[in-house]
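Structure record follows, encoded as structure tokens.
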Amino acid sequence: MAIISSNIGDNDLPLRKKELRLVDSKIIPEEKRNNNLNLARPLTLKEFIGQEQLKSSLRIAIDASIFRKEPLEHILLYGQPGLGKTTLAFLIAHELNTKCKIATAPAIERPRDIVGLLLGLKEGEVLFIDEIHRLNRLTEELLYSAMEDFRLDLTMGANKGTRCRTINLPRFTLIGATTKLASISAPLRDRFGISQKIEFYNYDELKQILLNFSRLINLNLDDEASYDLAKISRGTPRIALRLLRRVRDYAQVVMKTNTISVNLIKKALNSYQIDDKGLDSLDRHYLSFINQNNNIPIGLDSIAAGLGDDSSMLEFVVEPYLIKIGFLTRTPRGRLLTALGKKYIDSKNDDF
């Protein structure tokens, strides 16, 4: 069931979708087992950098829950991967002085899986379900009464032998996380008392995260270098820390130093085919392919076929950042480069 306890303690060729992209916000195996990354996690909401409005709302809700001695209302966190949804779930549990159990929706395959999770909870505990939009219908429906009335309504047997059984549950808080809010059914979405979007981080917030982590791993990283790295991290702490670790590799192995300068960052990222905009080879091939269409809109499926990639991956992994930085626009007829995007890709013809 993939339940985890909450003890916080190249060349320029198109990348295939199963290859690691340093600028992909999805977590990779190395990051799951990296002890330094675990040590870098904040222990309280106050230590959590960024998301000030979200933290303020959570602080009020948590304090009100403690004051009334009631369970915190169920919380839905939505936003792009790598912004801290799992970390926030741990912090909420910590602030409530309780435990947090984690499950991922794809691992909850059968109704009995969610039943086992719910029956294993104690009074006041937090259950965090990542990718909650991927719950199957039967499992989701079991959550309705559990979230609303803290009970399970189970149907057992078949045909004439069918009988219903109600099991009371301890009062708990469900925290759901999703990157696809629109994919969550209305009945499930409406049962969350608190729904909050996790925003991208600004440069100063990412810079502080990088400086804190550099001290933890004994790197000399100055303000200017940390700010330069923050600017190409796509507003995402996970990407920022991953890039810093790769820059550290280059610094220690190639340059034999623990001091990170702006020039060293440029050389290191250039070796990984990442430019000063934070774009990699897949981004550039995507932009170049559209640019060849001479300002005529082109459909996503045609782009995917031309690049040999999955259209869903391009839509949800590649395009959002290109739109965010003003290089790409979506129209009813297809994708188009903006003037900025065309200027950028034309200038990259000889760079990589």
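Cβ from N, Cα, C; glycine included.
Keep in mind the model is a prediction, meaning the values are calculated, not measured.
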Legend entry - From ARG234, ARG238, ARG242, the one annotated by Swiss-Prot with ARG41, GLY82, LYS85, THR86, THR87, GLU148, ASP149, PHE150, ARG191, TYR201 for ATP: ARG238
Legend entry - Sparsest-packed of the listed binding-site residues (THR86, THR87) - C-beta count within 10 angstroms: THR87
Legend entry - Cβ packing number for ARG238 (ATP binding site), 10 Å threshold: 21
Legend entry - Fewest-neighbour residue among binding-site residues, criterion Cβ within 10 Å, set ARG41, LYS85, ARG191, ARG335: ARG41
Inset, instruction - Measuring Cα to Cα, tell me the gap between ARG330 (DNA binding site) and THR86 (Mg(2+) binding site) in whole angstrom. - result: 31
